[in-house]
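S.K.: Just dropping this structure here.
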């Protein structure tokens, strides 16, 4: 933190600026009302500016100079006066009880923001990048299919490969988040999926390599929901939880909007490869910024209260502290294997699956993911082929559902938190929100599937409204994990998200296969989603619960 201090004395005033890395002094000696002299004295440890302004005439200052002129041999000189001696003789040292007028320049600007808000904000930004890297292929798949000669079935397999890794990383992500904390897991996940995204253009001509790169993207993104859930469960109180979950996971909708908005322009001007390079770089940039933010938070814990340069004793102390920290790190890593085994034994797996509410969460997650993932992957192609739109128009129209979801998410969060604050039972609130998130898109898909003579813009509007209202799930299903057990919330989400990733594997590929077989978007895209939305609603209303659970294996 930079600190500026202005001190007024009888004869002089000075301005000092301190950081932990450098020091220098600016001494201003006004020997008359017309003349002002300035000298900068640098030091390698700390930055210290001192402005000494005499309010007396030159004769008075000269008297002080004569008094201290024969001082010690060390120290800088200002008009023949040694700075250290002048400080001591004129009462400018720290021991002097002169009046001080000071102000702190807070840097970085987010320094005083509560830590839980900084975590939620940066996690939401990670989710923005997450969905940008998820939807980029749904747009790029159109020119890639033309270049490499892929049919709908092959394109479906390529798009579904992301969900292979996504499904594999759910349970490990939840377990690692509980063990090491969601922050560390999120950092590693973002870096992994960003590097894999940047590799897609290099491996696109080699199908096994392309599939592997998308699997790695899925693995990186798969640990993120559990990591975010762990952060929220540990740092956010119940009355703020719906808004926190909605803000973080609402970043997915913002990411979809951003990706679908930017990708077509990049593809048309720079080629489809540019989408993967740019989006991958954004993730790496986030990782570096998030890592820097963590280091800044650690360094801010140490207040620098003195302006004197660091002495050799202080450097020696810092060196010893560093060695001690290194030894502690080595010791902690030596115990990691034992902690991993112990943590697996501590998880009450049997107790999870004895609770009907957990099964309701699992099936609801599966049903919601079927409609979400199939539409996310195939809507741009649907708008392009069925509504005869070009690549840019199809992508921009595909923006409407996630764009509307951003507004619906904020409304749903406020709606559910207000109900809970007014005394409505938490389970009732979660059931209402999840029922809205299922029945709304099911109704709109039924309307779009029927031959009602609707215009293309009417179909777009109906689907956008229905898919936007599905965001009520962020105040329904996605809050239930934390409601039931904050301690095991990340693992519970890992369980439900593992099953929820299956529609990404099966549903996305099956949609392409059915489309080649039936040539009907109603049968291939909408009919399966309608079925799962309706059955999911029934199961959720019958068995869902937000009652806190102890999950004791002895129960």
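The backbone N, Cα and C atoms fix where each Cβ goes, glycine too.
Unlike curated records, TrEMBL annotations are generated automatically.
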S.K.: According to TrEMBL, which of these ranges is transmembrane segment: 218-236, 275-293, 294-312?
M.R.: 275-293
S.K.: Go through 188-212, 244-263, 351-374, 459-479 and flag the stretch with the largest number of C-beta pairs under 8 Å relative to the transmembrane segment (275-293).
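M.R.: That would be 188-212.
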S.K.: Thinking of Cβ pairs under 8 Å, which stretch from 351-374, 459-479, 491-515, 521-543 has the most of them with the transmembrane segment (244-263)?
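M.R.: Per the Cβ count, the answer is 459-479.
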S.K.: Give me the stretch from 188-212, 351-374, 459-479, 521-543 with the greatest number of Cβ pairs under 8 Å to the transmembrane segment (491-515).
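M.R.: Against the transmembrane segment (491-515), the leading stretch is 351-374.
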